[in-house]
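TrEMBL annotations:
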ACT_SITE  S188  active site
ACT_SITE  D346  active site
ACT_SITE  H376  active site
DOMAIN    106-264  domain 'Alpha/beta hydrolase fold-3'
DOMAIN    319-379  domain 'Alpha/beta hydrolase fold-3'
Amino acid sequence: MRLRLAGAVLLLAAAYYVYLPLPSGVSEPWKLMLLDALFRSFMQASDVAHALGVCHRIHLLNHVVSWLEEIEARSCLAVHVTDTSLGGVPTRVFQPKGGKQLKRGVIYFHGGGWALCSGRMRSYDHLCRKMAEDLDSVIMSVDYRLAPDAVFPAQYHDALAASRAFLSAEVLERYSIDPERVCVSGDSAGGNLAAAVAQELSSDDALTVNFKLQALIYPVLQALDFYTPSYQQNRDVPILYRPIMARYWLQYLGADTSLEPLLLANNHSSLDQPALSSSIRSKLDWTALLPAERRKHFQPVVRETGSPRVMGEVPQLIDVRAAPLLAEQGVLGRTPKAYVMTCEFDVLRDDGLMYVRRLQDAGVTVTSDHYEDGFHGCMVFAYLPMMSKVGWRSMNNYIHWLDQNL
């Protein structure tokens with residue numbers, strides 16, 4: 001009897017820990033709750049280890065991810081897989097066997113808040129393997145350096161160096177890649193790097209080969225406004241909570257994480273900040289850039305006075321290499337044809353949608369692929385153990401778009 005009672009108590013405690021009220025429209029809510037409970041457990045354990053001085057919270061999380069997810073480069077019947085380097089940056093290459101002699105090519109940057117994950121993870125290995133096979137394309141998945149050991153602009157420089165090498169005649173010839181059919185892509189923080197690289201290289205007139213496409217998967221593109229409608233609507237929706245995104249930004253920019261409350265209050269973008277001109281503010285004015293169905297009933301949160309300390313200590317917040325949404329229209333207008341995936345239940349939804357509008361205003365052809373039941377990170381959860389339906393649907397649509405346009 002006591003064992004049964006203890007079991008019932010434990011079961012209730014587990015259910016209480018796992019259960020989370022979610023919006024009615026989100027795909028497969030119980031799967032998302034279980035995924036969130038797992039993530040929260042790892043995050044809380046890493047916070048304890050950090051507080052006790054055992055190790056940095058990010059190091060512990062990455063050790064767990066490596067143990068659970070990283071796999072060796074294994075070839076299969078359809079795809080040859082190798083680990084190499086691209087511009088001095090570790091890279092996993094997926095080459096389809098057979099097919100056309102001259103292949104299409106995609107360079108891919110993984111997500112993880114510029115601090116977590118790897119192209120060697122099972123989820124990214126599965127994604128790139130499927131892309132290589134379905135598209136008959138060479139896929140290069142880049143392992144750029146991660147925070148806290150490396151901070152901005154290290155990740156950007158790695159992405160840029162790998163991309164320049166990818167576009168070089170030597171690499172294109174070695175892997176039999178068609179120079180007129182190459183794409184830069186990435187998800188979340190990797191989408192940020194892909195957008196920044198596309199902006200930089202499209203403005204480089206010295207290049208003889210450039211990207212035909214840019215494909216951005218729920219990208220993070222700005223850190224000046226943590227009160228966009230999607231940040232307000234999805235502040236309590238897993239797996240990317242509003243405070244976690246602010247912390248990722250501060251870690252990426254090499255800033256003191258004690259600034260997190262100031263970012264979350266929008267104190268760093270108050271009206272009395274001299275570094276924030278009206279031109280900069282217009283580039284993320286969601287009242288003008290977002291359609292009415294995304295603005296909904298939400299109101300902007302703009303402080304009259306704020307904290308000059310933040311912009312003084314973290315001027316990188318307005319560096320377009322870190323925040324591609326802030327690029328000038330002329331720069332955007334030179335970037336390639338674009339695909340931008342966004343998810344309704346994602347704090348970063350409006351970053352992507354504002355970028356869609358700014359690219360369109362600059363004359364770039366854009367496909368905006370929005371998932372009304374999607375959540376942040378859904379595409380990389382298409383495979384086991386989660387087998388997300390919206391993840392599988394979004395992944396197939398992304399690959400189909402590449403097939404039709406690359």
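Note: Cβ is positioned from N, Cα and C throughout, glycine not excepted.
The separation of H376 (active site) from D346 (active site), Cα to Cα, is 5 Å. Residue counts for the domain 'Alpha/beta hydrolase fold-3' (319-379) by DSSP state, with H, G and I taken as helix and E and B as strand, are 22 helix, 19 strand, 20 coil.
In the structure as shown, the Cβ atom of H376 (active site) sits within 10 Å of 25 other Cβ atoms.
Confidence over the domain 'Alpha/beta hydrolase fold-3' (319-379), given as mean pLDDT on the 0 to 100 scale, stands at 98.
Calculated from their C-alpha atoms, the gap between S188 (active site) and H376 (active site) amounts to 8 Å.
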